[in-house]
Every structure is written in structure tokens, then in C-alpha cells.
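Pasting a structure below so you can have a look.
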Amino acid sequence: MLSEETRKAILDLQALYPEKRSALIPALHLAQAEMGYLPREIQNEVASLFEIDPNEVNAVVTFYDMFFEEPLGKHVIHVCKNVSCMLRGSDGLLARLCQKLRVSPGETTQDGVFTVIASECLAACDRAPMMIVDDKVMGPVEVGDLDRIVDEAKKGHGHPSPISIKEVEHA
């Protein structure tokens, strides 16, 4: 269940748009920032705030790579698999990373530290092959860089919330 603070922030966000439905994606970011992911119960709650069918919310959640229906690891590693990155070796990067962490794409390590996501496009083709670790864009990345990248991530604070309630209050 969303906190009253998040519910209020979502309603305030709706007021910023001529049609409240336009605030759905930022509202989902707020809900995910609080919960860490978007289980169906939270999607249903967001749908009720927007007075829309829960299946419409689920369609948005499942369409975008930035929303998650399952809990994530403390650190999230997105590896771009689009054409530019693939042509420059992202398949090998992804395979080696998954081998190192003993997961498949989309999975979280048993200790809950890392989630690896094969993303369709991360919009940094000039840095191919590239990846995003928590909020840090990295590229071009070579297989030999992976040990250092994983070690540095372990020392960090974890994946950030894409948008905070404070940011909405100051919008």
C-alpha cells in the first residue's frame, strides 16, 4: 500500500497536467521509488487514483524497461542489446556478466545484490557497447572492465529512485 505522502504527491502531480492521465508515468516512478518495484496491488492502487482500468496501468508497466514487477537487487546493471551495442560486443559483455554473477538476464543474484537486465536501447549509441550501473552510464565497456565495474558497484549505495517525492513537490 502506498503511503499517504506518495498518494498526495501523485494527486498533486495529476494537477500539473491538463489531463491527469498524462501523469501516469511519473506517478509510476513515484510508486516504484517508494516500493522498489510495482507489484499488481500497487498497480491497482495507482489505477484507482487515475480512475482507469488496472490493465491499462499494467500495460504501461510491462511496456517500459524502467518499471519492475518483481523486487530488484541492491544494484541494477542494464546492458544495452540494441544494434549499435550488439555490433560492438554487448552480447559478449552480457554473457560474461551473467556468468560472473551466476544469473540469467532479468534475474537477481541469490544474495540480492545485483539484478542484470538486457535492455533494448539505453540511448547512448555513441558509447557502444554501453551499460548503466545504478545511475551511472558507462561506455564503451570491454569484457575486461567487468570485474572493476562490479567491484565498484558493490562499494556504492545502490540503484537510485528515478524520481523522488521532493522533486515533484518542487516541480
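Note: Cβ is positioned from N, Cα and C throughout, glycine not excepted.
Per TrEMBL, the feature [2Fe-2S] cluster binding site maps to CYS80, CYS85, CYS121, CYS125.
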Around the [2Fe-2S] cluster site formed by CYS80, CYS85, CYS121, CYS125, list the extra residues of the same chain whose Cβ is within 8 Å of the site's Cβ centroid.
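Apart from the listed residues, the neighbours are LYS81, ASN82, VAL83, SER84, MET86, SER90, SER119, LEU122, ALA123, ALA124, ALA128, PRO129, MET130.
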Would you mind ranking the binding-site residues CYS80, CYS85, CYS121, CYS125 by how many other Cβ atoms sit within 10 Å of each Cβ and giving me the lowest?
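Output over binding-site residues CYS80, CYS85, CYS121, CYS125: least Cβ neighbours within 10 Å is CYS121.
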According to DSSP, which of helix, strand or coil covers CYS85 ([2Fe-2S] cluster binding site)?
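Going by the DSSP assignment, CYS85 ([2Fe-2S] cluster binding site) falls within a helical segment, counted as helix.
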